Amino acid sequence: MTQNAQHHAYHTVEQAQINLRGRFKEADISTYELDARVLTGFALSLDDIGLIKHASRSVTEQENKILEKVCLARLEGKPVSRIIGVKEFYSLPFHISPATLDPRPDSECLVDSALNAAEKLAKSKSKPLKVLDLGTGSGCLLIAFAHACKQRAIQVKGLGVDISANALRQARINAAINGVSDSVNFRQSDWFENVSSRFDIIISNPPYISSGEIEALAPEVSKYDSKTALDGGTDGLDAYRNIISNIMSFIQPGGCVLFEIGSEQAALVTNLVRQVIVTPPQVTISHVSDLSGLNRVVQVEFDINS
Ligand SMILES: C[S@@+](CC[C@H](N)C(=O)[O-])C[C@H]1O[C@@H](n2cnc3c(N)ncnc32)[C@H](O)[C@@H]1O
C-alpha cells in the first residue's frame with residue numbers, strides 16, 4: 001500500500017463513503033455526494049441498499065486499495081461512468097469504453113422525438129418500422145428507442161452503424177443487456193457506405209464540435225471522449241453535410257429524420273437541409289428543445305409523395 005493509501009485507510013463501509021464524499025467536496029466536484037456513493041458501491045461491490053445494510057462492515061486491505069484507486073481517478077477528473085464502465089441513459093444501463101461517447105442526458109430528447117414519430121408512423125404501417133441510427137456509438141439512442149417501442153408494442157427493425165468497430169462491440173453487448181438484440185443489428189459503415197435500403201426513421205447524433213473547440217472543452221470530455229465521436233470538422237457541420245446530401249436515397253416517402261444538434265446549430269443544420277431538398281413542400285422542418293429551452297433536435301418530416 002502507498003503512503004497515500006495508508007493515510008486514507010477506510011475502516012468501515014460507512015467511513016469509506018464519508019471519506020470519499022469529503023475529498024470530492026474539497027476538490028469542488030459538484031456531484032460529490034452521488035459520486036462517493038456510486039464509487040464506494042463500485043469498489044466494494046455493493047448496491048445502494050448493500051451500502052446501508054453493511055455500513056459497519058470492515059473494509060479489507062484489498063478493498064482499501066481499490067477504493068483509493070477509484071478515488072484518485074475521480075480526483076484526477078475521470079468521469080464516474082469511465083471509472084465504472086457503465087452509464088445510465090433513458091433509465092437503462094449502457095456499457096461504455098474508450099471508443100464510445102459517454103451517453104448524455106441531453107440526448108434523451110432525441111429518443112423522445114423519435115418515439116413520437118414512431119407512434120405516428122406505426123398507425124399507417126403493418127410491417128415493423130425500419131429505423132437507422134447513424135454513428136450509433138454505445139447504441140444508446142437506438143437501444144433505448146427499441147426498448148421503449150417494445151413496451152408500446154410498436155414493432156421495429158433497427159440498424160445502428162458506426163465507423164468504429166470497437167464502439168459496435170459495445171453496442172451489441174448493450175443491446176443484449178437491454179433485451180433488444182432481436183430487433184436491432186449493428187454494422188460497420190462510414191455513414192451510408194454499407195447501407196443499402198430505405199428507412200422510415202433515421203436518427204443521428206453525429207460528431208458536431210468544431211475541431212478548434214475540442215481542446216477547450218471540459219477535460220472530462222476532451223480527455224475521455226474519443227475524437228471520432230466529437231470532431232465535426234472546421235465548422236462542426238461536416239457530418240451533417242455528408243448525411244444530408246445522401247438522405248434522399250435512404251429515407252422512405254413519409255419518413256422522418258431526426259438530428260441531435262449543438263445548441264447553436266439549429267439554423268445552420270436547417271439551412272443545410274433546405275439547400276439539399278429544394279422544393280419546400282416536400283418536407284416539414286421543426287426544432288425540438290430540451291428542458292432548459294435550448295434547441296437540441298432538428299426534425300425533418302418527409303411528405304408521403306416525396
Ligand atoms: C457524438 S457520437 C454519438 C454516439 C451515440 N449515438 C450517442 O448518442 O451517444 C458520434 C458517433 O459517430 C461515429 N462516427 C464518426 N464518424 C463516423 C463516420 N464517418 N461514419 C459512421 N460513424 C461515425 C463515432 O464513432 C461516434 O460513435
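Note that Cβ sites are derived from N, Cα and C of the backbone, with glycine treated the same way.
When Asn116, Asn205 are compared with the S-adenosyl-L-methionine site residues Gly135, Thr136, Gly137, Ser138, Gly139, Asp162, Trp191 in TrEMBL, the one appearing in that site is Asn205. Annotation note: Ser138 (S-adenosyl-L-methionine binding site) sits in a coil segment as assigned by DSSP. If you measure from the Cα atom of Pro206 (substrate binding site) to that of Gly137 (S-adenosyl-L-methionine binding site), you get 10 Å. Closeness to ligand 1 is met by Gly135, Thr136, Gly137, Trp191, Asn205, these being the binding-site residues among Gly135, Thr136, Gly137, Gly139, Trp191, Asn205 whose Cβ falls under 6 Å from the molecule.
Taking each Cβ in turn and tallying the other Cβ atoms within 10 Å, the top scorer among the binding-site residues Gly135, Pro206 is Gly135. Secondary structure at Pro206 (substrate binding site), taken from DSSP and collapsed to helix, strand or coil, is coil. Long-range Cβ proximity for Tyr208 (substrate binding site), meaning a same-chain Cβ under 8 A and a gap of 6 or more residues, is found for Gly232, Gly236, Leu237, Ala239, Tyr240, Glu260, Ile261, Gly262, Gln265.
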